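Down below is the structure, laid out as structure tokens.
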Amino acid sequence: MGSAYHWEARRRQMALDRRRWLMAQQQQELQQKEQELKNHQEEEQQSEEKLQPHKKLNVPQPPVAKLWTSQEQPQPSQQQPSVQPPSQPPPQPSTLPQAQVWPGPQPPQPQPPPQPTQPSAQARCTQHTSKCNLQDSQRPGLMNPCQSSPIRNTGYSQLKSTNYIQQW
């Protein structure tokens, strides 16, 4: 009888050791995966940071380089006109600089088409929504949005908590 007890205790101990060993391996694998993920995320962030400054620097650099080259090569009288055209497009949204800078044919041409199209688009939207509202109000099943069950014949019985409990 003593030997059976001994073997049973040894079997249990071996099972415990095996479980501990497996748990330790799983923890090590998880830690390695977490470290790999962290490293991968850091690499991605670093690569994004490397790409973003280049993009940010590359976009402003060509206009700056063009301005410097245009300022270095031409005379000072040409520098002022080259600086003025970039300053002219931002004032265009305001009405006063448009009248002063441009004779008037170019800015009014883009503005009149949006004005007629905007009221027509608004009218279309209001007509469309009124049609949708009429269609919604004419639907027989949606009398009150707060109703628990619309008046429709769907073929399914209304699910209630008592029905659900009774099914089990």
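Cβ coordinates are placed from backbone N, Cα and C, and glycine is handled just like the others.
In Swiss-Prot this protein carries:
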- 16-50: coiled coil (COILED)
- 31-52: compositional bias 'Basic and acidic residues' (COMPBIAS)
- 70-82: compositional bias 'Low complexity' (COMPBIAS)
- 83-94: compositional bias 'Pro residues' (COMPBIAS)
- 104-117: compositional bias 'Pro residues' (COMPBIAS)
- 124-138: compositional bias 'Polar residues' (COMPBIAS)
- 145-168: compositional bias 'Polar residues' (COMPBIAS)
- 23-168: region 'Disordered' (REGION)
- request: Determine how many residues of the compositional bias 'Basic and acidic residues' (31-52) DSSP places in helix, in strand and in coil.
  value: 22 helix, 0 strand, 0 coil
Query: If you average the pLDDT over the coiled coil (16-50), what number do you get?
result: 95
